[in-house]
C-alpha cells in the first residue's frame, strides 16, 4: 500500500466517514460525544488503511462545507453554526488521535495521530 492507493471512492467511500460527521459537530461545540457515536466513527476510520485516513477526513470536511454552498478558500459556517473554523479544522484533524488510530505522515513511514493537511484546510 502507499499514497497512490488513496483515491476517494477507491480507498474510502464518498461521501467519506458519515459516522464521523456527528462526532465532529458535537466535539467542536464542546458537547459530550455519546459512546455509540465515537464507536461508529472510529470503526469507519479503522476500516480505512493508514495511508488514506487523513484524505478521508479531509474529504469529509470538504463535503460538509460544500454541501452548505461553501467552496475551498471561502469562509462559511453553515455546516458548523456555532464553531470557529480553526476549531472545526483542528477537531477534524484530531479525530484519528481521538480514535487512537495511527496515520502515515510522510513517505519515511513516520506515524503520528494528527492530520496536518486537514488542520490546514484552506477556507479562510
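The backbone N, Cα and C atoms fix where each Cβ goes, glycine too.
Per Swiss-Prot, these features apply:
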DISULFID  20-41  disulfide bond
DISULFID  28-83  disulfide bond
DISULFID  42-99  disulfide bond
DISULFID  54-115  disulfide bond
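This view paints the features noted in Swiss-Prot onto the structure.
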residue: 20; record: disulfide bond; contacts (Cβ under 8 Å, 6+ apart): 40, 41, 44, 45, 57, 60, 95
residue: 28; record: disulfide bond; contacts (Cβ under 8 Å, 6+ apart): 80, 83, 87, 88, 91
residue: 42; record: disulfide bond; contacts (Cβ under 8 Å, 6+ apart): 98, 99, 101
residue: 54; record: disulfide bond; contacts (Cβ under 8 Å, 6+ apart): 93, 96, 103, 115, 116, 117, 118
Since the record lists 99, 115 as disulfide-bonded residues, which of them has the fewest other Cβ atoms within 10 Å of its Cβ? 99
